[in-house]
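Working notes, structure below.
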Amino acid sequence: MGSGWSSEEERQPLLGPGLGPAPGAAWRSRGEAAAAALPAAAPSPGRVYGRRWLVLLLFSLLGFVQGLVWNTWGPIQNSARQAYGFSSWDIALLVLWGPIGFMPCFAFMWLLDKRGLRITVLLTSFLMVLGTGLRCIPVSDLMLKRRLIHAGQLLNGLAGPTVMNAAPFLSTTWFSADERATATAIASMLSYLGGACAFLVGPLVVPAPNGTAPLLASENSRAHIKDRIETVLYAEFGVVCLLFSATLAYFPPRPPLPPSVAAASQRLSYRRSFCRLLSNLRFLMIALAYAIPLGVFAGWSGVLDLILTPVHVSQVDAGWIGFWSIVGGCVVGIAMARFADFIRGMLKLILLLLFSGATLSSTWFTLTCLNSITHLPLTTVTLYASCILLGVFLNSSIPIFFELFVETVYPVPEGITCGVVTFLSNMFMGVLLFFLTFYHTELSWFNWCLPGSCLLSLLLILCFRESYDRLYLDVVVSV
């Protein structure tokens, strides 16, 4: 299943230690050095296998379900309060377990770098099985039930580093240079699509509480809401178990032959990779441009229902707004990545256009929520339009960022590079949600964080000097 499907010789890098590109070389000299050093008798990499789409499908579905489980409680927070007695602190903490799960992110990056994709994915899916299983344990004590739910959300959060970081590693390992951005987009976007579907599944399956009902009717309503929530929990547990069985049955670590020169070349060690990342000012600049706005947006999306309650938006409407904002971003993100595969060397320009739109749409949403001051029309149409545009612009930038990270710091391994930036993003998200637990009665400051972070990111991208080291290596050697 795992490493037995290819020989030891096939699993060795095609470019040896003395043949790979010099880590400190400039953009053009790195590719030229690799091209000159490649021996004439070396086998030409570039074969792709049809099974790559099955591997991509399994990984993407795993990310989808992880995002779905993470965002289970935000869209139905009013119902969860009545069914299980959750407080505002509990609701915020249930979302906060996602970024908290990124604390051992560097351990998962080490595992991905040393043991490969199969072992890391199996461990990730097993953690999700344990997490969703804990939430389904039938207990009558509400205090114990709440603790089991929190523990389950934490275990699911521990699966986040793999599903969020490993997409570029998977695309480089299995896909050719003209498919990498598309594969990265599909693998990374499905996790966000799962979070979006939680906005749809939760409010549609779980009814909202009726605060005006008599006492007896209220008790019956509470029992009905609890039954519907448990139906969602059991369904998610079943899907996770099915995916774990599928990855256990078939999820190879790599193809018999690499699809590109970059996939065959050697990478820096774990320790040297961190030294390279932390000393690269260009990488730190673009990493902050990604981490700050995406972290703010992730935290904002997780409590969107709570944010929209003061402007009299129902739980169902908030669910639809969150759903379409993320779905639009996923669709546009995959389309943008496909465009980047056809028109190479345009990643910075794409990001500038996306964040210009994100800054404008987030400013529109924030000013609309302050309609008592700005007198802008506060309607369902304006809320839908501003939120959906914001989600489209921000979410579609994720795969473009990932590809630019890898190109900027090559030959640092993809998993380590993306692990550092997603750790930073979740750190910003966690800090915001922590403050939210203490200032949940006044959320206008959270809305202002959106346009501020988007504008800061836009300025950082504008000052960033792009390079395409990995792409140049593939183009030169393949020619």
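Every residue number used here counts from 1 along the chain in the order it is shown.
Each residue, glycine too, has its Cβ placed from N, Cα and C.
Under the heading transmembrane segment, TrEMBL lists 53-70 (among others).
Per TrEMBL, transmembrane segment is recorded for 91-111 (among others).
Annotation source TrEMBL lists transmembrane segment at 117-137 (among others). Residues 1-3, 58-59, 62, 65-66, 69, 108, 111, 148-149, 151-156, 158-159, 162-163, 166, 169-170, 173, 230, 233-234, 236-237, 240-241, 243-244, 247-248, 251-254 of the same chain lie 6+ residues outside the transmembrane segment (117-137) yet bring a C-beta within less than 8 angstroms of a C-beta in it.
Taken from TrEMBL, the feature transmembrane segment covers 185-206 (among others).
The transmembrane segment annotation in TrEMBL covers 232-251 (among others).
Feature annotation from TrEMBL assigns transmembrane segment to 281-300 (among others).
Per TrEMBL, transmembrane segment is recorded for 320-337 (among others). For the transmembrane segment (320-337), the list of distant contacts is 75, 181-182, 184-186, 188-190, 192-193, 195-197, 199-200, 203, 301, 304-305, 308, 313, 350, 354, 383-384, 387-400, 403: same-chain residues at least six beyond its ends, Cβ to Cβ under 8 Å.
According to TrEMBL, the feature transmembrane segment maps to 349-367 (among others). Sequence-distant neighbours of the transmembrane segment (349-367) (same chain, 6+ residues past either end, Cβ-Cβ under 8 Å): 289, 293, 336, 339-340, 374, 376, 382-383, 386-387, 389-390, 392-394, 396-397, 400-401, 404, 447-448, 450-451, 454-455, 457-458, 461-462.
According to TrEMBL, the transmembrane segment annotation covers 383-406 (among others). Among residues of the same chain six or more beyond the transmembrane segment (383-406), those with a C-beta under 8 A of the stretch's C-beta atoms are 167-168, 172, 180-181, 184-185, 188-189, 192, 283, 286-287, 289-290, 293-294, 297, 301, 304, 308, 311, 313, 317, 320-322, 324-330, 332-337, 340, 347-348, 350-351, 354-355, 357-358, 361-362, 364-365, 368, 412, 414, 417-418, 421, 450, 454, 466, 470.
The transmembrane segment feature in TrEMBL is assigned to 418-439 (among others).
As annotated by TrEMBL, transmembrane segment applies to 445-464 (among others).
Of the two recorded stretches, the transmembrane segment (232-251) lies close to the transmembrane segment (53-70), with three or more CB pairs under 8 Å once pairs fewer than 6 apart in sequence are set aside. Within the same chain, residues 56, 59-61, 63-72, 74-76, 79, 163-164, 166-167, 170-171, 225, 228-229, 231-232, 301, 304, 315-316, 318-327, 329-330, 333-334, 336-338, 395, 398-399, 402 sit at least 6 positions outside the transmembrane segment (185-206) and bring their C-beta atoms closer than 8 Å to a C-beta of that stretch. If you look at the transmembrane segment (91-111), the same-chain residues 6 or more away from its ends with a CB under 8 A from one of its CBs are 70-74, 77, 80-81, 119-120, 123-124, 149-150, 153-154, 156-162, 165, 270, 295, 298-299, 302-303, 306, 415-416, 419, 422-423, 426-427, 429-430, 433-434, 436-437, 440.
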